[in-house]
Amino acid sequence: MKTLLLCVGLLLSWERGQVLGDQLVSDNELQEMSTQGSKYIDREIQNAVKGVQEIKTLIEKTNEERKTLLSVLEEAKKNKEDALNETRDSETKLKAFPEVCNETMMALWEECKPCLKQTCMKFYARVCRSGSGLVGRQLEEFLNQSSPFYFWINGDRIDSLLENDRQQSHVLDVMQDSFNRATGIMDELFQDRFFTHKPQDTFYHSPFSYFRRPPLHYAKSRLVRNIMPLSLYGPLNFQDMFQPFFEMIHQAQQAMDVHLHSPAYQTPNVEFITGGPDDRAVCKEIRHNSTGCLRMKDQCAKCQEILSVDCSANNPSQNQLRQELNDSLRLAEELTKRYNELLQSYQWKMLNTSSLLDQPNEQFNWVSQLANLTQGPDQYYLRVSTVTSHTSESEAPSRVTEVVVKLFDSDPITITIPEEVSRDNPKFMETVAEKALQEYRKKKRVE
């Protein structure tokens, strides 16, 4: 009978959360432990706010760097387009001349085409693989419709430059649009009084304390979405404060990410323009319009002879124009490559900005998830329910303290504290709260 009464007594003590070995933990002690743990959670919430403000500073710095790079990019774009215009002008003037050396070039072209087709199809079958039959028919038609004069003036290189220019302009427009929408959202966000007014340290104390801080009334924000409509000195209200913020962060990141990994966003590769290897780009161009096959002219002697045909004896002016065309073409290719390098740098800057927007979600999103909590009369967001002490089950047994807490809306969380951190240690509840918050964040990430 005594044993039964003892078990009932222990169970009742456990239910009231007052067991620590043989020593009772009073309600006042549990309350004080809850207060100390809640203060740590409060500091972590304030750190989340500071962290977001640091992200704001980084984004502003990145934006200034982006503007500088954009200025360089615009200048490079102008130089490239000037060179392209000169190339097109020279091409137009050259086409206006009657075709000279026509018989010589046509004879060489008839010998060039079979070699070019064979070389291209071997490459396609080995590297590109899919759809060789269709590509072969398209190539046959393309070569029959092409002129050796087009070949002679490097028309394929000119067309590639023009197509590349179109793609580069599109990529830049997409990046600018996505960045402008993202920064517009961020500007709206950081204009809110939540970020523009800071509490004075002399008046600040924990929102978990018993006393309300005196209210300070600010003019209502012009934002439709107000992040913190109540006083900064009132108790924390997660629904009003954090949820709208993280929704806007998510919107800003979506505005940038919508195009970041799409094919339209990828900068065109120009290595093949100046002779560099880029098999994927060549495969794509061959499938698109067969002009990629013309890049293999160096492997066919008769094709090379077409490029070497000298018509200056028949028309010196035409030869001079061709030289001007080749010079402007080389310059345009160099400037196009340089512009593409700058465009890729700009793209990396944009990706870096997107990753900065991701940091608040990674580090502080747990705070926004508190928005669904019911703000009840309970002033504690970490409440200690039980404290027990026993010997650990390990190869080297030692005394440990187990603390069961509820953090926000969580199920009970059991935290084990080694004997090195005694309950009298000022760091005891900070350690408990830190481990509880780690468990809480881990579970929220899984959910």
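Placed from the backbone N, Cα and C atoms, the Cβ positions cover glycine too.
For 1-22, the entry in Swiss-Prot reads signal peptide.
Averaged across the motif 'Nuclear localization signal' (77-80), the predicted model reaches a pLDDT of 92. Here Swiss-Prot flags 77-80 (among others) as motif 'Nuclear localization signal'.
Annotation comment: Swiss-Prot describes ASN85 (among others) as N-linked glycosylation site. Sequence-distant contacts (6 or more apart, same chain, Cβ under 8 Å) of ASN85 (N-linked glycosylation site) do not exist in this structure.
Sequence-distant contacts of ASN102 (N-linked glycosylation site), defined by Cβ-Cβ distance under 8 angstroms and a gap of at least six in the same chain, are PHE149. Positions annotated as N-linked glycosylation site by Swiss-Prot, on the basis of sequence analysis: ASN102 (among others).
For the recorded site, SER132 (phosphoserine), the DSSP three-state label reads helix. Of all the Cβ atoms in the protein chains shown, 11 others lie within 10 Å of the Cβ of SER132 (phosphoserine). What Swiss-Prot records for SER132 (among others) is phosphoserine, and it gives similarity to another entry as the kind of evidence.
Marked as N-linked glycosylation site by Swiss-Prot on the basis of sequence analysis: ASN144 (among others). There are 8 other Cβ atoms within 10 Å of the Cβ belonging to ASN144 (N-linked glycosylation site).
Sequence-distant neighbours of ASN289 (N-linked glycosylation site): residues of the same chain at least 6 apart with a C-beta under 8 Å from its C-beta are GLN138, PHE142. The N-linked glycosylation site annotation in Swiss-Prot covers ASN289 (among others) and rests on sequence analysis.
According to Swiss-Prot, the feature N-linked glycosylation site maps to ASN326 (among others). Cβ environment of ASN326 (N-linked glycosylation site): ASN154 lie under 8 Å away, each six or more residues apart in the same chain.
Positions annotated as N-linked glycosylation site by Swiss-Prot: ASN352 (among others). The Cβ of ASN352 (N-linked glycosylation site) has 14 other Cβ atoms within 10 Å, all protein chains considered.
Among the features that Swiss-Prot reports, N-linked glycosylation site is placed at ASN372 (among others), with the record citing sequence analysis.
Annotated phosphoserine per Swiss-Prot: SER394 (among others), in sequence order, evidence recorded as similarity to another entry.
The annotation motif 'Nuclear localization signal' is assigned in Swiss-Prot to 441-445 (among others).
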At the level of the C-alpha atoms, what whole-angstrom distance separates ASN144 (N-linked glycosylation site) and ASN352 (N-linked glycosylation site)?
-> 49
Using DSSP, tally how many residues of the motif 'Nuclear localization signal' (77-80) sit in helix, strand and coil.
-> 4 helix, 0 strand, 0 coil
